[in-house]
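Some notes on the structure that comes next.
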Amino acid sequence: MGIESTSHTFGVGIVKYVSSINETRILANTYDKYIPEKGGIHPREAALHHARVAAKVLSDALQKANISMRDVSAIAVALGPGLGPCLRVGASLARFLSSYYNIPLIPVNHAVAHIEIGKFLFGFKDPLIIYVSGGNTLIAIQRKKRYRILGETLDIPIGNLLDTFAREIGLAPPYIVNGKHQVDICAEWGSEFISLPYTVKGSDLSFSGLLTAALSLAEKYIDNKKKLGNVCLSLRETAFNMLVEVAERSLVLAGKKEVLLVGGVASNKVLRKKLELMASLHGAKYAGTPPEYSGDNGAMIAYTGLLGYLHNVIVEPRKAFVRQRWRLDEVELPWIQD
């Protein structure tokens, strides 16, 4: 069982490992998402939401998997990175379940889990990883039992860029409508590309200048739907093209034959098409996690917890401390084969 509570989503996932045929099955992936009435995520309000829905989400997951807690052999929990109050809700529940049912507790890094669920779904062994979300934007490869970061944002993540822009110009919340981000919906109103700050430094990116410039333009055109659409279109294309550039550079330098897109922004169809085209030009196989697994979810924690369980990555409940800042490249992963 895996518990996710790093940010706006409280989720519980359950996976089953059949050792006789070396097969893993996802039995349940239930969640409840905190959606603020206005503004961004308020950590304490999100934590209160998680505490309110935890019992029901857990019960729904067990019902979906058609099992009871007595059938669960181990508990995995995302201990970071994330928002402190939110992390503590999941950690407290995991510590209680581990102690009460006397089953092992496996610590999971949230970023690692996004990658591992993607590799599992598509059978990838050694991909170039493009991780894009509201909290992360980075390019990584696996090497010497760790994920090594080749490039990353120097300021704000790409998901934060899109959400902040949509919120500041009055389009959000909600940020997603019928599977589309508000920036994508707004971009459909426009047809003209406007030059905006494009900041790439080697394999690193910077989005803050792009956000400032786009907001400045949007303020002028807030009552002109077509011109506002041009700003949205230009913001999206500039940000995504920056990401594709650093991904392509990293792909060539690392010599990988698989490209894996993970994280919440991985559900964006425009970005997926751009990266798929880039990968095909270099003869690489491309895959992006589907919407049900690209956002925060418990199944990815459960699956990564399974990997940890099979490699004896276990922590005592009293030592299962949350880590608000826990970089991807700080985690040693015994299951990675060089």
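Using N, Cα and C of the backbone, Cβ positions are placed for all residues, glycine too.
Lifted from Swiss-Prot, the feature list:
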BINDING   His110, His114, Tyr131, Asp296  Fe cation binding site
BINDING   Tyr131, Val132, Ser133, Gly134, Gly135, Asp163, Asp184, Asn268  substrate binding site
To the nearest whole angstrom, what is the C-alpha distance linking Asp184 (substrate binding site) and Tyr131 (Fe cation binding site)?
20
Given the Fe cation site residues His110, His114, Tyr131, Asp296, which other residues of that chain have a Cβ within 8 Å of the mean position of their Cβ atoms, reported in sequence order?
Thr6, Ala111, Ala113, Ile115, Ser133, Gly135, Asn136, Val262, Gly263, Gly264, Met300
Here's one to test understanding: among the binding-site residues His110, His114, Tyr131, Asp296, whose C-alpha is closest in space to the C-alpha of Asn268 (substrate binding site)?
Tyr131
Taking the Cβ of Ser133 (substrate binding site) as the centre, how many other Cβ atoms fall within a 10 Å radius?
23
Please name the residue among the binding-site residues Asp163, Asp184 whose C-beta has the most neighbouring C-beta atoms within 10 angstroms.
Asp163
Taking the Cβ of His114 (Fe cation binding site) as the centre, count every other Cβ atom within 10 Å, in any protein chain shown.
29
Expressed to the nearest Å, what is the distance separating Val132 (substrate binding site) and His114 (Fe cation binding site) at their Cα atoms?
10
Distance, Asp296 (Fe cation binding site) to Gly134 (substrate binding site) (CA atoms, angstrom):
10
Around the Cβ of His110 (Fe cation binding site), the count of other Cβ atoms that are within 10 Å:
26
